[in-house]
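Asks: TrEMBL lists 20-39, 59-83, 104-125, 154-177, 189-208 with the feature transmembrane segment. Taken from TrEMBL, the feature domain 'FAD-binding FR-type' covers 308-423.
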Amino acid sequence: MALSWRSWLANEGSKHLFLLFWLCLNAWLFWKTFLLYYQGLQYYYLHQMLGLGLCVSRASASVLNLNCCLVLLPMCRVLLAFLRGSQKVASKKTRRLLDKSKTFHVTCGATICIFSVLHVAAHLVNALNFSENYNEEFLALNAANYRGEDPRKLLFATVPGLTGVIMVLVLFLMCTASTYAIRVSNYDIFWYTHNLFFVFYMLLMLHVSGGVLKYQTNLEEHPPGCFNPNKTLRQNMTMPKAFGEPFPDYSTDSFPEDPPVPEPFGQNNLVRICSEEPKFQSHFPETWFWISGPLCLYCVERLYRYIRSNKPVTITSVISHPSNVLEVRMTKDDFKARPGQYVILHCPRVSALESHPFTLTMCPTDTKATFGVHLKVVGDWTERFRDLLLLHSNQDTEILPIFQQRPYPKLYVDGPFGSPFEESLNYEVSLCVAGGIGVTPFASVLNTLLDGWKCYKLRRLYFIWVCRDVESFRWFADLLCLLHNKLWQENRPDYINIQLYLSQTDGIQKIIGEKYQALNSRLLIGRPRWRLIFDEIAKCNRRKTIGVFCCGPNKISKTLHKLSNSSNTYGTRFEYNKESFS
């Protein structure tokens, strides 16, 4: 298939164009600040002392200010959920940009890391120059106490230097723990180190309060490079021994009105005469202007989320499903959510600080207040959580409803928050692809359609679910059968197209149970042939825009992304949306 530029622009093109714009914006800001300190008269004497280290350090600092300001905004989840669900953002394309908030957060974080290295390198050069180029003429400019002072004292014995060193260590921990390998192998390390951002911002506000770099304030009275004859004659003129005796007093009236300027300063008559000595002043910390607003907004949102989630939910039932999957159903007063959204669960008995996001598989409606999540028991947190909920943690071979034989632990729910899958009901045709436990975002959509589908724009849903073992299909087999039977009774069997793929098997298998006969006929052995599936969907939906939603392994995601960007002969356009496990 040839590349469709229209599909590329609708899917990943907008993201790439925005990233290109962001790169150009940072480069432009760096260059403008560099020129300001390189050519600015108020920095003339400081530049003479520090050289290009001054320009590079200040230019990189301006880029760091911008990115440290904006890196917090994508993490304001309540704000993003409000924008997505309100009429303020009516455009679907604009709402899809909100789905790239994580990408923007990562981009800002990577930019902070790159320019921090540049900033640190420039200040190491500045520390050396402060020591070697100690200026005895303008003492206010010096950060060192004397010529040849050990530069390490400037790094470890001053507030800007010490806070800068600690910030580098904190940033190193946050960056290394944010890598994919560590997030997958030990999420706890990522969680705890990433919360060091608050320490980073506190140190950042202290770091800029040192006032090491100064600018000249009296440019009118003392233009840079001007000649001060009184100071020059007083400090630099050496007198012969014959004139060592005291001079008689002479009146200043005997001098001519315009005294001759010494030759080194009188060339071309361009040197100006100073009326006073230069005065220097530290910059007001501009970083405070950059980060105070987003930091306050983030803190207010976290406070709001804490108050909102302060009351524990009521757990109504816990169900153990095959393949180490646990379903938790609960209720909470005034809890409202849209299909496709997710919540953050916090159980103090499992961990006092740790919380984890889980997609809602059942949303509350006007007739029922129950909502629920399915979680895969993988890792220490989910294992401890399962052991607290179930009497016997090894009961995973069949569905076992657990009634309140013992009190459940306190569970707090923060959310709901928005996700790309909210848009699945806003397309006329949607293709939903799930891999394993990645089916959870679509379960809430299917539950919503079971309550009623006529009020939504969606008129045809292609649902493809790929699992490694047949028992995994039983997580939502009842839901799929109920929805299938409901649509047949309403004479709309073509509303949903269900395809179940068993990727690993030793032979022909079926979902056990007579009530699952409708699903057994849709169970296919092997992996989906994605190109043929896309061709068939495009052929049946000519000249339409189809929303593609994927939650599963990266291999499937990349394949669907590539096919969504490909052109077809039917005029059908695919818009790709994705949620990643990590």
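Just so you know, glycine gets a Cβ as well, placed from its N, Cα and C.
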Asks: Give me the stretch from 59-83, 154-177, 189-208 with the greatest number of Cβ pairs under 8 Å to the transmembrane segment (104-125).
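Replies: Per the Cβ under 8 Å count, 59-83.
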Asks: With a Cβ cut-off under 8 Å, give me the same-chain residues at least six positions beyond the ends of the transmembrane segment (154-177) that come close to it.
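Replies: Contacts of the transmembrane segment (154-177) (Cβ under 8 Å, skipping residues fewer than 6 from its ends): 109, 112-113, 116, 120, 123-124, 127, 130-131, 143-144, 183, 189-190, 193-194, 196-197, 199-200, 203-204, 206-210, 212.
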Asks: Same chain, outside the transmembrane segment (189-208) by at least 6, Cβ under 8 Å from its Cβ: which residues?
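Replies: Answer is 68, 159-160, 163-164, 166-167, 170-171, 173-174, 177-178, 182-183, 285-288, 291, 295, 353-354.
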